[in-house]
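Before I ask anything, here is the structure I am working with.
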Amino acid sequence: MQPRRIVLLGSTGSIGTQAIDVVDGAPHLFEVVALSAGGGNLELLARQAVHTKAKAVGTASGDATALQRLIDDAARATGVAGYRPEIITGPDASTRIAEIEADVVLNGITGSIGLAPTLAALKSGATLALANKESLIVGGALVKAAAREGQIVPVDSEHSAIAQCLRSGTAAEVDRLILTASGGPFRGRTREELHNVSPEEALAHPTWDMGLMVTTNSASLVNKGLEVIEAHLLFDIPLDRIDVVVHPQSVVHSMVQFVDGSIIAQASPPDMRLPIALGLGWPDRVPKAATPCDWTQATSWTFEPLDAEAFPAVNLAKDAAKQGSTYPAVFNAANEEAVMAFHAGRIRFTDIVDTIEAVLSEHPGSSGLTVESVLDAEAWARARTHERLAVSSL
């Protein structure tokens, strides 16, 4: 059997680097044929290209000559002579890389800029291993319409867990989806105690090692709100049948409750290589993708309800999803701008979600959902967020 041909989008990020680890561990199963990254770490991208011998490499920023020079340097350092991949540069590099013939496209890009590559991957006919939740959230019905049944395989640990649990019953037997949340670094704090937390504190996630945006979103629970929308879209479960429970140990990644009262949970130590491997190999599991739980050691798992007063982002995300159309895109764009303002020291931590709520309340909506209407709504939300924050800082 030939290895599956893999395209990695966002290869230098957390998901991308771990995906290469997965491929390295199962070279008989997977082969990387193309890579792309934003361009913030061209040296790493060059090393990855040489390591995987990808046929094509893309970068949103940086020129082809500079990248080829770095690839040549990396090739000499590792004794790989004459390696000359196709190099694609420019803002649409990841979209063009996603169009390359492959069996699986892993979209590990962060943010709504992943929408065009997601649509391109679906159009190509490849299976889409989706870690870029924002593209599904802002694209909504557009993305679902572009995908054939089963073409999108979730890579987020929570949604991968749900997909695994759903194998235990039919669609008609599903009662509720239960997403788990670690609670982030501020679990147990009141809203008043959250006012003056620092960016450094927000980035100190107790479980996962992620980038600035995702880590901050985990601290505010905006990330969990986005995941609720994602679960709603992926699994066609109404929003009022999707719950969030806090589970600090991050071992149970999500659960499915069935109509007979049974609950099926997926549990494993927190390691993104497991859902990445499953996304690449779906529906088959990859042997030894991650280390299992050690049942020779005493352990305890705890669960507690979400404090929606201290962390209103989940309910706010549900409201945006219920309004539909371009409201989820506005939610996401306003959050991204507010997070950057927080890290620039311009607003307080609690202002992030307050700003999202204010911008959502002013959004005029859209008569239909198209790529253009999504982009217009995002641009409006970013501009309106900047305007509000500029006024508040005066």
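Cβ atoms are placed via backbone N, Cα and C, with glycine included.
Below are the features I grabbed from Swiss-Prot:
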BINDING   Thr12, Gly13, Ser14, Ile15, Gly38, Asn41, Asn132, Glu134, Gly211  NADPH binding site
BINDING   Lys133, Ser157, Glu158, Ser182, His205, Ser218, Asn223, Lys224, Glu227  1-deoxy-D-xylulose 5-phosphate binding site
BINDING   Asp156, Glu158, Glu227  Mn(2+) binding site
For His205 (1-deoxy-D-xylulose 5-phosphate binding site), what is the tally of other C-beta atoms lying within 10 angstroms of its C-beta?
17
10 Å Cβ neighbour count around Gly211 (NADPH binding site)?
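The answer is 15.
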Name them in sequence order: residues not among Asp156, Glu158, Glu227 whose Cβ is within 8 Å of the mean position of the Cβ atoms defining the Mn(2+) site.
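Sorted by sequence, the hits are Lys133, Pro154, Ser157, His159, Ser160, Leu179, Asn223, Lys224, Glu230, Ala231, Ser254.
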Filter the binding-site residues Asp156, Glu158, His205, Asn223, Glu227 down to those whose C-alpha lies within 10 angstroms of the C-alpha of Asn132 (NADPH binding site); answer none if the list is empty.
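Taking Asp156, Glu158, His205, Asn223, Glu227 one by one, the ones whose Cα falls within 10 Å of Asn132 (NADPH binding site) are Asp156.
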Given the binding-site residues Ser14, Asp156, Gly211, find the one whose Cα is closest in space to the Cα of Glu227 (1-deoxy-D-xylulose 5-phosphate binding site).
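Its closest listed neighbour, by Cα, is Asp156.
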Taking each of Ser14, Lys133, Gly211 in turn, which of these binding-site residues have a Cα lying within 10 angstroms of the Cα of Asp156 (Mn(2+) binding site)?
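Taking Ser14, Lys133, Gly211 one by one, the ones whose Cα falls within 10 Å of Asp156 (Mn(2+) binding site) are Lys133.
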Near Asn223 (1-deoxy-D-xylulose 5-phosphate binding site), which residues of its own chain have a C-beta under 8 A away, given they sit six or more steps off in sequence?
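Listed in sequence order, they are Val214, Asn217.
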Tell me the Cβ contacts of Glu158 (1-deoxy-D-xylulose 5-phosphate binding site) under 8 Å, same chain only and six or more apart in sequence, or just say none.
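Listed in sequence order, they are Leu179, Thr180, Glu227, Ala231, His253, Ser254.
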In Å, rounded, how far does the Cα of Gly211 (NADPH binding site) sit from the Cα of His205 (1-deoxy-D-xylulose 5-phosphate binding site)?
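Between the alpha carbons of Gly211 (NADPH binding site) and His205 (1-deoxy-D-xylulose 5-phosphate binding site) there are 11 Å.
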On a simple 10 Å Cβ count over all chains shown, which one of the binding-site residues Thr12, Ser14, Asn132 is most densely packed?
Asn132
